[in-house]
Amino acid sequence: MSDFYQDFNKRRTFAIISHPDAGKTTVTEKLLLFGGAIQLAGTVKGRKADRHATSDWMEMEKERGISITTSVMQFIHNQHVINLLDTPGHEDFSEDTYRTLTAVDSALMVIDVAKGVEERTVKLMEVCRLRDTPIMTFINKLDREGREPIDLLDEVESVLGIQCAPITWPVGMGKRFKGIYHRYQDIIYLYQQGSNAKKVEAMQIKGLDNPQLDELIGDSADELREEIELVKGASHGFNLEDYLAGKMTPVYFGSAINNFGIKELLDDFVEYAPGPQPRATQERVVSPNEETFSGFVFKIQANMDPKHRDRIAFLRVCSGAYKKGMKLSHLRIGKEVQISNALTFMAGDRSHTELALAGDIIGLHNHGTIRIGDTFTQGEQLKFTGIPNFAPELFRLVRLRDPLKSKALLKGLIELSEEGATQVFRPLNSNQLILGAVGILQFDVVAHRLKHEYKVDCIYESVNVTCARWVYSEDDKAMSEFRTKAYDYLALDGGDMLMYLAPTKVNLTMAEERYPKIKFCATREH
């Protein structure tokens, strides 16, 4: 095994964030292509094409061409182990994305050159801000006409409140796109429309004043020289400390679909991006160089392999090393478990791993005992913090077409809710099942997966619930009285936590006023 593979400092764990359709999944594919993880990149738009993007592997994603769940992929580049977490671009899956951002050390933001900063990017950036996550930026689709690069940098700075340091700079765009200039290497990489699926080495010209540049790109050479002078005066120089503190984003330009500008980004990413960072627990801060193992579960995915009807818990290793066959304490349930078959991932492909270090993501087989937010250690009582659970904003009543399938329905809903993509509520006063979600597409996903993976066909009806809140109280007497008086509005969620289901916002406000000793919470930590 290579030396670098056994060094946690050589780990780079990051997520890609963007607005839908900025080209995030294509960028993911091309990073894997240049990282040597795949030989041929699939393309995302060819919905019916034979070759699908490696990271979009769930049936429904293949049909719709959108990334719904977070994929985890590991590959090696320049003697570093890179763990790439692809997040759903679709806004209905924000919870999955928020939780994924708790498991990474840095992020890559993808922006469409024609559209600039979009709403979803703003929201994701806010989440990164909470943790001061270092962010690199890739401005994509330079092979099409778009906005002026300098205007885009201004927009990123003003809307997202982060300084931009352009590392590469485009030579033209659209039909006039000739390549990119790397400001710190003083090299021009000439654009050639790469075969979409294979990597091609770009032709390089050393030096902005090289006469060869004028021969090859004509008038564009002088335009580039003028622009670079302007950029020097109008933009920030790259400062590594500011980037690592989340105050500055290095910016790269390119065309992911044509494999252009990605390699330069990847080379710099490996050099600049942070390795595994310390993590907060309720008890203390855990450092990645500690010898004993610790980690937390940030995602659960059911049926990654329909042939095996299994569930996998994705665990971020925070310290120490996982070694095959080791015993770990599953702290929430107070049990020691032996783990001999942890997995690593290349999107839908998985293989058993012998070793995982801080920064790595491993998959644990889950037979219903592991939940999002669970901590695993070698015995020390720790609870990692900051893994959010959001109260849903949309609700549906679920009815079975075949009443004999009620057992399968409950099993399916509980398993799907354990993934955190949807929530299931059982009202105390009836046998009904109510589904809650943050976005409308989640209901489609649940319906599709219940039908195909659990063979349960349901009818989904509107229900008289507008908002839900977790309810707690430190005063047992007040809680007991509240349970009696508000009985008709109470339900249990998939984890048996008590929730208040309010038919209207006014009803919720009145309940909060009437029961001052009860806390009504829109989020809770896992």
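Here the Cβ of each residue, glycine as well, is placed from N, Cα and C on the backbone.
Listed features, source Swiss-Prot:
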BINDING   18-25, 86-90, 140-143  GTP binding site
DOMAIN    9-277  domain 'tr-type G'
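In this view, the densest Cβ surroundings among the binding-site residues SER18, ASP21, THR87 belong to THR87, judged by other Cβ atoms lying within 10 Å.
Here the domain 'tr-type G' (9-277) returns a mean pLDDT of 84 for the predicted model. Summarising the environment of LYS24 (GTP binding site), the number of other Cβ atoms within 10 Å of its Cβ, over all protein chains shown, is 27.
Secondary structure at LYS24 (GTP binding site), as computed by DSSP, is helix. Counting every protein chain shown, 25 other Cβ atoms lie within 10 Å of the Cβ of LEU142 (GTP binding site).
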